[in-house]
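Below is one structure, written out as structure tokens, with a few remarks after it.
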Amino acid sequence: MPVITEITIVLCVAIWILEVIFRLAWPAGLNAMLGFAMLQPATACVHPWTFITAMFIHNPGALWHILFNMLTLWSVGPYLERLMGHWPYLILYVLSGIGGNAAMMLWAAIGGASSAGWITGVYGASGAIFGLFAAMLVVYHNMHEDLRSMLVWMIINFLMPIVVPNVAWQAHVGGFVFGGLLTMLTIYGVRSLRMKPVIAKFAFYGGILLVIIIAIIIWSNTLNPYAAFL
């Protein structure tokens, strides 16, 4: 059973329903909830939990946001979870999401002190899901599977920022890069580790990539024009 995928979907949907209730009955509560959970590059280093919590909240005013993300997650998650195992899959999902959020900080840093990216709120599971897409591509290539059906889903998702406004494509790219790297390293990495248990390889390479992500976050924050006021 794809337990991690199921729990993730239930958790995201439950939180979204709570957001909708707050939006209708208690707007101040919704603002407090989003303020606590969503990632904002300017404050991310003093609110480090948002690198994870932002993955589990979605736009309460847009049904398509939660619906599309959860349908996409259900289309790719169970296959990968059964193939990798629960814990390696969880490492992949969380690392991809954190990597996607780190990419938002990097983009803000590249944009300079005047970049609106510093004060842009970011939330949603898209970064983590794009990490799963990258993992699927690596796995399909390694197993010589037909990539066409997966490419259709990927193209649709990559086109979303063009069709739908205010979509954080930077998080998509970051999640895709780190999810793909983790899967590639696990399959094609250090020869002496290839026969190790899957969980051991995911933990080892995931730890290395997490250090790189943290370094990106710390470097990006050195260019944060709001850091002195926090």
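Note that the numbers count up from 1, one per residue, in the order the chain is shown.
Cβ atoms are placed via backbone N, Cα and C, with glycine included.
Bear in mind that the values here come from a model prediction, so they are computed numbers and not experimental data.
TrEMBL lists 6-26 (among others) with the feature transmembrane segment.
Each residue of the domain 'Peptidase S54 rhomboid' (48-187) gets a DSSP state, and the totals for helix, strand and coil are 111 helix, 1 strand, 28 coil. Residues or ranges marked as domain 'Peptidase S54 rhomboid' in TrEMBL: 48-187.
Taken from TrEMBL, the feature transmembrane segment covers 87-110 (among others). Residues 4-5, 8, 39, 41-42, 44, 50-52, 54-55, 77, 80-81, 117-118, 120, 122, 125-132, 134-135, 168, 170-179, 182-183, 186, 198-199, 201-203, 206, 209-210, 213, 216-217, 219-224 of the same chain, all 6+ positions outside the transmembrane segment (87-110), place their C-beta atoms under 8 angstroms from a C-beta of that stretch.
Residues or ranges marked as transmembrane segment by TrEMBL: 116-140 (among others).
Residues annotated as transmembrane segment in TrEMBL: 147-164 (among others).
Look at TrEMBL and you will find 170-190 (among others) tagged as transmembrane segment.
Remote same-chain residues near the transmembrane segment (202-220) are listed as 41, 44-45, 51, 84, 87-88, 91-92, 95, 98-99, 102, 105-106, 108-109, 178, 181-182, 185-186, 189, 193, 196 (criterion: CB distance under 8 Å, separation of at least six residues from the stretch ends). Feature annotation from TrEMBL assigns transmembrane segment to 202-220 (among others).
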Mean per-residue pLDDT computed across the domain 'Peptidase S54 rhomboid' (48-187):
90
Which sequence-distant residues neighbour the transmembrane segment (170-190)? Criterion: at least 6 residues beyond either end, Cβ under 8 Å.
88, 91-92, 95-104, 106-107, 117, 122, 124, 126-135, 137-139, 142, 157-158, 161, 198, 201-202, 205-206, 208-209, 213
